[in-house]
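Remarks on the structure that follows.
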């Protein structure tokens, strides 16, 4: 089929959802997969955040916690893929909530979901710069053991990461597809090169299989079961953000067909590469107590233990450091599109301003500037308290998880009957299984991730995630009272029958004018 009819169908479907296509569809499926994988960047994020899980369950939490988080996130991704196929709009979760909610509750539920999702993405932008700055400070600590890291050192590196992401997004929009292809190529290459190198250098002094798959460590002060569950935060961080495909969906052709596949593929690739890489690292880790306590950070210490070379370890660390530059850029891209979409439907203060697309740059520049400004503010908070900054990162994982669960839960409460005919449909029994397992995972992790990481609790080690999350909720409620309840009606939720017929015809490859029975039923219900 030619590209033009596909583009026409994409724009017709978007117009049926109440929006004019203002962004160019210049992302190929591979480029979009590159963006999604750059955001998850699972093997990099998981290795850079080993300090979350090693003291809280040890290797068992690192390996089996990732498997648990991976299976549950695959179920969530498959569940969201159904919504994406039916309603391929950059609004994502808040739009889907509006489509399937009970009519009296549409505005408020869509509003809350949108605010949670926007806040989660803006906070997630900070994760790339945070992890990258930790890795670079770790290099200095490895080379100079007397070095005492200062927060402002890490802050400046963090700002550099985000300025880089802003400049690429603002002035290289037409090159972003190539940047994302480079990101997935660099990431896979780094995964292969580091794995091969450390295994070769460490041979034959590997850790035992029993250590890698069965060793349990608990340095948290919590009971063993709670400690292991708290270690799930590492797997959650390494596999979150796949709704990026939804928020970028208006920039790929054949969106309703390709988007759902990309959403599931990126989680599956992330799980496979993340699991493989973590197992390799644990096999070459050597003394795990040294790894946990190292001022250089767990990943760099493991690379040094394996290669026995400062230069070799630092050269290998260049792969994740640059991967995190790609990740920061891609997360910022997605966050700006999500902010733009919510403003387009009137969900933010000064929505008209943040919903503008720059006529020459072809990007929502104002939304991008808002994202960058807030991320810089988050960095200023880090200067005052590392716990408060880490809470923002945890809150982003919690917020995104909650935004995934809300539309799925509402659909389940209505018997999974609210979505119209679409290209991607889960089998009946598996649809229920995936939906319910995903919801259960979000409920459990939302509670766990607001727990303090260690006992006894002090002001410095307290988990302020609940505070950050409550601030988001309070701001959204106040804004609802001041503006939303009078002016926000939610996005358009009823796609015209003509649009449904055109989309169904496109997916089936038919154009004989015969109305599909399911669409006939849709006509009777509208």
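Note that Cβ sites are derived from N, Cα and C of the backbone, with glycine treated the same way.
The transmembrane segment annotation in TrEMBL falls on one of the ranges 262-286, 337-361, 487-511, namely 262-286.
Matching 96-116, 222-242 against TrEMBL, the residues noted as transmembrane segment span 96-116. When the ranges 8-28, 365-385 are checked against TrEMBL, the one recorded as transmembrane segment is 365-385.
By the Cβ criterion (under 8 Å, sequence separation of 6 or more), the transmembrane segment (122-143) is not in contact with the transmembrane segment (96-116), since fewer than 3 such pairs are found. Residues of the same chain lying 6 or more positions beyond the ends of the transmembrane segment (306-328) and with a Cβ under 8 Å from any Cβ of it are 38-39, 41, 44-45, 47-48, 125, 127-129, 131-132, 135-136, 138-139, 142-143, 161-162, 164-165, 179-180, 182-183, 186-187, 189-191, 193-194, 197-198, 201-202, 284, 286, 299-300. By the Cβ criterion (under 8 Å, sequence separation of 6 or more), the transmembrane segment (262-286) is in contact with the transmembrane segment (62-84), since 3+ such pairs are found. With a cut-off of 8 Å between Cβ atoms, the residues of this chain six or more beyond the transmembrane segment (62-84) that come close are 46, 50, 53-54, 92-93, 96, 99, 212-213, 228, 231-232, 234-236, 238-240, 242-243, 245-246, 249, 256, 259-261, 263-264, 266-268, 270-271, 274-275, 278-279, 282, 404-405, 407-408, 411, 419, 422, 424-426, 431, 433-435, 437-438, 440-442.
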